[in-house]
Amino acid sequence: MPINFLGLLQDSWNFMRNQPNFTLFGVGLLLVLQLASFYFMPPVQLSEQELKSPEALQSVLSAQFYPTLISGIISVFVNVLLILNIKSISKGEYQHFFQNIVATLQKLPAVIVLSLVMVVPLSVAIAFGGTAAQAGNVAIMILPLMIAGLFIFIKLCLVVYAYLIEEPQLSVTQTIKHTWQLSRGKMLVIFLFCILSYFIPSALGSLFSGIAGSLGVIISYFVSAVLNLFFVIFSFRFYQIFRTLPQR
């Protein structure tokens, strides 16, 4: 294996321990964001009758659209800020947690576009699959769409890191092309990275999600915030090594 994943995980943990100021602010900001999303956008539970009503579903979707959109933009903003701070620390230029606020605002629109390019194909495939399942149809044609969406997601899963880390900075189209070519011949490595960065945090977070009560919610979200920060650091470190691997 060209990349020592265990070594990267240990290195990421050491990074968190050696940067207490960054870690404290990062975990705190992620925790506040998750708690705000929970209390201001609580999960909507619909009865069976409401689920069968297009009007009820449309009403719920309309009410949730703007809060979800705002929450998503804030989440992207925080992730960009974290990545830029990690970059500053790596270059020995870190002074305080909010020093990259202006740079984050400047790069935010491009990062949103890149994130959409990465996730929209898979999201569309999942949406079509869900619609077909609700209609009771076995949509064979959905399978190629799901495979294509997953393939694009894996190929471009590092596109945001490429945009924020590469110097001189690439344009949006150049970043997409660069990231796509970077993964050529390295699909196994990047597939393992996706499992570590996306599946494992969700699985670990779900272990604490069953704790009841307000204290349980706080514990669950605290663990989730720590994991999110840890895997942002891990992804940053991974990209630094991944970009140096020779293409096969």
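The backbone N, Cα and C atoms fix where each Cβ goes, glycine too.
For 21-41 (among others), the entry in TrEMBL reads transmembrane segment. Using a Cβ-Cβ cut-off under 8 Å and counting only residues 6 or more beyond its ends in the same chain, the transmembrane segment (21-41) has close neighbours at 64, 67-68, 71, 74-75, 78, 82, 85-86, 89, 94, 96-97, 217-218, 221-222, 224-226, 228-229.
Packing against the transmembrane segment (61-86) from elsewhere in the chain are residues 15, 22, 26, 29-30, 33, 36-37, 40-41, 44, 94, 97-101, 103-105, 107-108, 111-112, 115, 160-161, 164-165, 229, 232-233, 236: each is 6 or more residues past its ends and has a CB under 8 Å from a CB in it. TrEMBL lists 61-86 (among others) with the feature transmembrane segment.
According to TrEMBL, the feature transmembrane segment maps to 107-128 (among others). Sequence-distant contacts of the transmembrane segment (107-128), counting only residues of its own chain at least 6 positions beyond either end whose CB sits under 8 Å from a CB of the stretch, comprise 73, 76-77, 80, 84, 139, 142, 145-146, 148-150, 152-153, 156-157, 159-160, 163-164, 172, 175-176.
The transmembrane segment annotation in TrEMBL covers 140-166 (among others).
Among the features that TrEMBL reports, transmembrane segment is placed at 187-212 (among others).
According to TrEMBL, the transmembrane segment annotation covers 218-239 (among others). Beyond the transmembrane segment (218-239), the same-chain residues lying 6 or more positions past its ends with a Cβ under 8 Å from any Cβ of the stretch are 3, 8-9, 11-13, 15-16, 23, 26-28, 30-31, 34-35, 38, 79, 82-83, 86-87, 90, 158, 161-162, 165, 193, 196-197, 201, 204-205, 208-209, 211.
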